[in-house]
Amino acid sequence: MAKPEIVFLCRECGGESLRWAGRCPHCGEWNTLEEYKPGPRRSSRRTSLKARGSSALPIPVTDVDLGAFERRPLKWDEVNRVLGGGVVPGSLLLLGGEPGIGKSTLLMHLAAQVAKTGSTVLYSSGEESTQQVSLRARRLGVAFPELLLLAETDLETIVDAIAQTKPALAVIDSIQTVQDPAVEGAPGSVVQVREAAGRLLRVAKDTGIPIVLVGHVTKEGAIAGPRLLEHMVDTVLYLEGDRGNDFRILRAQKNRFGSTDEIGIFAMGESGFHEVPDPSAHLLSDVGAVPGTAVVAAMEGSRPLLLEIQSLVSYTQFPMPRRSATGLDVNRVHMIVAVLEKRARLALAKMDVLVNVAGGVRVQETAADLGLALAIAGSLRDRSLPADTVCLGEVGLAGEVRRVSRLERRLQEAARRGFRHAIVPPGGAVPAWAVGIEGSEVKDVAQAVEVAFGPGLEAGG
């Protein structure tokens, strides 16, 4: 049967359809089908294990030889932490982030670290010339002869360069600029991204060379191209941070070879990226006790971070008070405001509530609820928590303060940074005094407000 001249490709899942529809029949997303003309298929290349001489028979998992597939640790412990211990041979990684956040700079550092050991690294850029990439490498002080540069967008040329140089690491910047001449469509289109990523995936698995792809992001923060791209790769990394701040966070959204709970923390300056050995010290300010601020201990993977939650509560004459959150889930802020009004009798109905996590870090766990509640309460009545106080606890709809996981590890980090008092839930697995901190157990937010600021903070002031 002849192949249809025109098919419709979903930009989310990459599924093909013979006719256009408002909703993709494969993934169910709306208005994602795009028309394209399939080009002639290239001759099939056998890239299976059998074609390379390996046995196609199933073997016991304990008999698989892993000698050539050991992780390659990098010089940066923060990157190793995110990847699960290092780069796995033959893996395909995808790095995304907003424009100007530092993706190319970070990869140049990583490529140079491998090249510094004497191993060959191929850096292929489809957005810059070799002169421009070389200037950046020299500015960062990472220009090594083992770092090979290629300014190319043609997929076949890139694949041939990988085959000829046999690098220890290959970087493709970016996947949206790579074009397969045998496939219909402009660079960055759904079909081009799918075909290019698929071909590079086969190259990585066949040669054992780890390949890192740079991916552009959309206005919504998702990596541009079909969602299938994220399913094809082994690891999806996101570089986050505020471009007005030198703080950068590397986070794994997907990792077949490690945990997705760990993060890497960097500072970005004129000479590029630097590891932050003590993130808590970098994130906390030295301004002392300020009304509307509270320090919490949040867990990012296996590492506790001391973060400063800032709140500003002010009267508004508009009928709909504003609720804004940066670094926190705004729905969580709505809930905490409602609980404070109902359970602690704080008059917030006619108040704008603005909340921010200092340093550009995003808090994704509920252990920061108590700190958020006390920051809002303190801003409402212009009272400050003691500068050596840390807050830990999840707040429920009934106003109760619930226990949090890894309480001892969080309190140890607070004690290391000089905190001497903690407001914690009742019945914690580890009492605060066990790690050298005086603890105040509170059963609900009303008691927590009284312990933190004294009596008389209710609606009547």
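Even glycines carry a Cβ here, placed using N, Cα and C.
As written in TrEMBL, here are the features:
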BINDING   Gly97, Glu98, Pro99, Gly100, Ile101, Gly102, Lys103, Ser104  ATP binding site
DOMAIN    68-217  domain 'RecA family profile 1'
REGION    352-461  region 'Lon-protease-like'
MOTIF     254-258  motif 'RadA KNRFG motif'
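Annotated features taken from TrEMBL, shown on the structure.
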residue : record           : Cβ within 10 Å
Gly97   : ATP binding site : 24
Glu98   : ATP binding site : 17
Pro99   : ATP binding site : 8
Gly100  : ATP binding site : 9
Ile101  : ATP binding site : 19
Gly102  : ATP binding site : 21
Lys103  : ATP binding site : 23
Ser104  : ATP binding site : 21
Fill in the blank from the handout: Excluding Gly97, Glu98, Pro99, Gly100, Ile101, Gly102, Lys103, Ser104 themselves, the ATP site's Cβ centre has within 8 Å the residues Leu239
